[in-house]
Structure formats: structure tokens, C-alpha cells
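Engineer: Take this structure, written in C-alpha cells, and hold onto it; I'll ask about it next.
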Amino acid sequence: METGDSHRRWLVAFLIVAGYLSLGVVMYAGLLEEWSVTEALYFSVIVLTTVGFGDLTPSSSSSKLFTCVFILVGVGVAASCLTTFLEAASERAERMGGAAGKGKRGIFLKAVCLPLVLHLGVGMMVGQLEGWGLIDSVYSAVVSVTTVGFGDLTPRTDVGRMLSALHLPVAVVAVANALEKLTEVIQLPFPLHPEDLKNEGGQGEKEEKEKKPASPPRRQYSIGAVKQRRLQVQQREQAEYILEVLLREGKVTQQHLQTILKQRPLNRQEPLQRSEKQE
């Protein structure tokens, strides 16, 4: 079921990209510009992959207006379709790699080295067709597949442009996937994404809370206990006032008072009911 869904997504993405490039060829090769089919296809791929060499540019106002819409649609198509290609390619690579491709060495060889070597090699082939030197060919290949696109070295022949038009859509996706996998192989001493920083901070706070000793339980008195306490205080104050009046009026003596206190102290209190509740 998952394989069928993956194939359908791949097919839909392919048809959208093919329709987009076909529209570019029709418009630039027949209606808006006097370009050849190869030049129109090459320009459409440069727009789709956002490489933007700048060696071919629209000349008329109508062509520039259409190009504005074509770029905006192309960016949306590239964002959705290239993501689909990337997911499908990753799933296929994982299925083909099996257990051997799950380790760091397997990921580095199959998901990083192989795509980089393959697509940089094709880019260097374009440079050889254009008559560039080795350094210029490598430079142009890296600038192209990473969508930097300085535009100082661009293919001029029909063969070079056709090869670039066929190669760049696949190369851009593959190299982006390879660079993403490279971050999985390289273990950096710090997190790369804000979510990792957030998770790391949360983990640190959790560990700090675990190390912090638990606070002692707080005593929380019930409402009934508080009322009972208040009543006892009032009764004691009243008893002390009565004794003071009796002593002042001479109704009792200190000897009588000491005898009473020995039998039942006035400051005796019943134990206060309380409930302990852990914070």
C-alpha cells in the first residue's frame, strides 16, 4: 500500500514538472521569444531549480510579465515536487540499502558520496563539452547543483544546455538529499535546530529539578482546626481576665491559684488536628 502511494505521488509530481516545462517551451520558443526548443527548455529548468544563471533573459515586456508569473508558479512547483522527489528517493534508498545502509558508514557511502560524485561528474562533463578546464568544470558543477548560480560560467552549446536541462532537476534534489544526510553522519557538539535547543534546555531543567532535594511537606491546617484554635485562645484570654479580676478583688489568693494550676494548667491545649499534604 505504501509503495503504491509512493509511486502515485512520484507520478503526479513528474506530470506537474513535465507540464510546467512544456508550458515554458511553448511560450518561450514559439510565442514570447525567438529561442530554440533547447534554449526554452534550458531556461525553464533554470527557473524551476532557481539556479538563475542569467545567460538567457526575457527581452519584451510581455515576456517579462509572463516570466514573473512563471517564476512564482515555478517556485511553488519546485517546493512541492522536489520535496516529493526527495521523500520518494529517500524511501527507495532505505529499502535498497537494507541493514547495510543503516550505519553511519553505509549512509555516508550510499546517500552522500555516491550522489555527490555522480552529479558532480555529470556537471564536469558539461564543462568538458564546453571546453572548460578541470578547475572551471568542477567550479561550475558545484555552483550549479547547489543552486548558487553565479552565471560566470554557463553552457553555450545546444548539447551542453540540453544535458544541463536534463541533469539539473535531478541533481538539485539528489545533492540536497546528500547534504541533509551528511548532517546525520557528522556528530556536532551542539544542536543544529531550534527544536533541539529547546529540547536540550528542557532536558537540562528536568535534570536540575531531579538533582534538587525535595522540600519538606507543608503543614496545612483544616478550617475546623483553625476555628478550634481560635476558640481555645479566646477561652484562655477570658480565663486569664477572670483570674486577674478575682485576684484584684481579693476573692482568691495566690495560694489558691497555684493549687488550681497544679491540678489543671490553664495553658494546657488539646492537640491541634492537622493534615499533612505533600507539595
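Each Cβ is built from the backbone N, Cα and C atoms, and glycine gets one as well.
Quick paste of what TrEMBL says about this protein:
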type     : residues : note
COMPBIAS : 193-213  : compositional bias 'Basic and acidic residues'
DOMAIN   : 17-89    : domain 'Potassium channel'
DOMAIN   : 125-187  : domain 'Potassium channel'
REGION   : 193-223  : region 'Disordered'
TRANSMEM : 12-31    : transmembrane segment
TRANSMEM : 64-86    : transmembrane segment
TRANSMEM : 107-126  : transmembrane segment
Engineer: Express the predicted model's confidence over the domain 'Potassium channel' (17-89) as a mean pLDDT, rounded to an integer.
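Structural biologist: Result for the domain 'Potassium channel' (17-89): average pLDDT 90.
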Engineer: Work out, from DSSP, the number of helix, strand and coil residues along the domain 'Potassium channel' (17-89).
Structural biologist: 56 helix, 0 strand, 17 coil
Engineer: What is the number of residues in the domain 'Potassium channel' (125-187) that are helix, strand and coil, as DSSP sees it?
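Structural biologist: Looking at the domain 'Potassium channel' (125-187) with DSSP, the answer is 45 helix, 0 strand, 18 coil.
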